[in-house]
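Asks: The structure follows.
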Amino acid sequence: MDANSINSFFLIGALLTAVSVLLSPMSSRLGIPILLIFLAVGILAGEDGPGGILFDDYSTAYLVSNLALAIILLDGGMRTRVASFRVALWPALSLATFGVAITTSITGMMAAWLFDLHWLQGLLVGAIVGSTDAAAVFSLLKGRSLNERVGATLEIESGSNDPMAVFLTVTLIAILANVDTEMSFSFMFISFIKQFGLGICLGLGGGWMLWKLVNLSKLADGLYSILVLSGGLIIYAASNKLGGSGILSIYLVGLFLGNKPTRGRHAILNVLDGMTWVSQIGMFLVLGLLLTPSDLVDILIPGFALAFGMILFARPVAVWISLLPFKSFSSRDRWFISWVGLRGAVPIILAVFPMMAGLPGAQLYFNLAFFVVLVSLLVQGASLTTAARLAKVELPPKPLPVSRSGVEIYPSSEWEVFVYRLSESKWCIGEPLKRLAMPDGTRIAAVFRNDTLLHPSGSTRLEAGDILCVLGQEKSLEALSNLFSQAPENKEVQRFFGDFFIETDVKLADLAPIYGLSLDNLADDMTVADLVVSQLGANPVLGDQFQWQSLHWVVAGLYEGKVTNVGIRLPTEHSL
């Protein structure tokens, strides 16, 4: 490659990236996932688009996509709270294993029938599109206030279900490439255990070693993120090299680092945030360039049938069967999880495997995977907000800091500065500082008004437009959100957690005459906490709801996993 070609490559790459960034606000205006914008830019720049760029290098696309996916999973793992595993680990693992297998089987049978394929070829198509995509799920759920059980299940599932899809895809390719060779059940079982076992061991073990290395190293601030990124990629590559799941390993590395006091953690997260955006843009641009839309014309009708069959039948069946043992999921939770079976880059990456293996019909597998991803992002991604509202899994939004930054007081400091901008509707407007019930371990470090730093006293009253800098830790965010909350915009949001609130140590017998409850002898000694456990199980989450004795009960307060307050919503003529 000469200097002129290199400059042309830089020019085109930078131009496409800049266009993708500038067009990204269209996603919110059009109500479509931002990843679809990046993909569309790549398609328009490609062979059939106005850009006319001819790109058919599957090896390069595979390299770029794997690198990007590794970075995205590392960042996603670092932002996942391990506390969410309390309510979501086993359901997510069930979806990541049994769910993928069931989706693969049903989708595979549909593909074999629709495209007149051998049943093994159909299963290969099902395996390629069988897993949800971490990049798509993390991107679309980011910033949404979902029921913790539902949101955590979707995120953990998307970060851990790729190994199953990879295992099924690689196994089926091996069978199809060697039709005369018998694959024993023991061989496949050992391969499965190897993928997951090595992936988990190297992920957690490598994460611990990298965490120790980061905390023991004395480096320039900007180098910690590079150390974490390179260390994560070493573990990712080593896991793949040894026959494990690199995807699972690097996700667990991020999970370990993100939930331990890590030197330079906030700087690392800031750098990874930018790297994740670059990875998403680069990955979907390259995959968009790889697609020739005219190739999809021949599979248009059966492709739609396959995509909607997977969305409306295969995924829901897989979710309902996989979550059968977990009674804490309501039918609405299951319906929403079924709908958010988003497909993204992973199916397209897996579709490159048959191309590189030289399987007959590999181009069809690739085109089908791309078609399913496009339909999934357009239909499921674009309707996510509506689906969350209909399923009632979205919680009323709580105010988040407009910015937050780490305070590196000592190597593993977990202190941060949270910045809040006060609008007119905040409850605290007009209150003197001394009357603010600040959470333990927090302090207002600075107050800005009209671009001027104030020297406040306890009698200083807060005004609309004030900017508060609060020193605290992440564990105080919930309390700070309540402190700086505002009046709900409408009555429906205002009543979400209930009309009246009671503490969970109150006995039902004391509430019976007030709310007209009919209690038997057994219920006389029950507290509200006992009622919640009997209705929702041992691990309720904020926003969990149940109907009991004509009243609607909502979990309205939690502290360290224990329910502290329950809201009671009285029946109305419009109640469901």
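Yeah, the Cβs are placed from backbone N, Cα and C, and that goes for glycine too.
According to Swiss-Prot, the feature transmembrane segment maps to 6-26, 34-54, 58-78, 109-129, 163-183, 185-205, 219-239, 242-262, 271-291, 299-319, 335-355, 359-379 (among others), an assignment based on sequence analysis. Under the heading domain 'RCK C-terminal', Swiss-Prot lists 405-486.
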Asks: Hey, which bits of the same chain come close to the transmembrane segment (299-319), Cβ under 8 Å, at least six residues off its ends?
Replies: 95, 98-100, 102-103, 106-107, 110-111, 114-115, 125-126, 129, 334-335, 337-339, 341, 364, 367-368, 371-372, 375-376, 379-380
Asks: Establish whether the number of Cβ pairs under 8 Å between the transmembrane segment (34-54) and the transmembrane segment (6-26) reaches at least three, counting only pairs separated by 6 or more residues.
Replies: yes
Asks: Going through 58-78, 109-129, 185-205 one by one, which has the most CB pairs that fall under 8 Å from the transmembrane segment (335-355)?
Replies: 58-78
Asks: Any chance you could find the range in 6-26, 109-129, 185-205, 271-291 with the most Cβ pairs under 8 Å to the transmembrane segment (58-78)?
Replies: 271-291
Asks: For the transmembrane segment (6-26), name the stretch out of 109-129, 185-205, 219-239, 271-291 with the most CB-CB pairs under 8 Å.
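Replies: Stretch with the highest Cβ contact count: 271-291.
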Asks: With helix taken as DSSP H, G or I, strand as E or B and everything else coil, how many residues of the domain 'RCK C-terminal' (405-486) land in each class?
Replies: 13 helix, 29 strand, 40 coil
Asks: May I ask for the residues of the chain that lie six or more residues beyond the transmembrane segment (219-239) and have a Cβ under 8 Å from a Cβ within it?
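Replies: Residues 67, 70-71, 74, 198-199, 202-203, 206-207, 210, 213, 245-250, 253-254, 257, 263-264, 267-268, 270-272, 275, 408 contact the transmembrane segment (219-239) from elsewhere in the chain.
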Asks: State the residues, same chain only, that lie 6 or more residues beyond the ends of the transmembrane segment (271-291) and have a CB under 8 A from a CB inside it; answer 'none' if no residue qualifies.
Replies: 16-17, 20-21, 35, 38-46, 53, 55-56, 58, 60-61, 64-65, 67-69, 71-72, 74-75, 78, 135, 139, 222, 225-226, 228-229, 345, 348, 370
Asks: Near the transmembrane segment (109-129), which residues from the same chain, at least 6 beyond its ends, have a CB less than 8 A from one of its CBs?
Replies: 103, 165, 168-169, 172-173, 175-176, 299, 302, 305-306, 309-310, 314, 343, 347, 350-351, 353-354, 361, 364-365, 368-369, 372-373
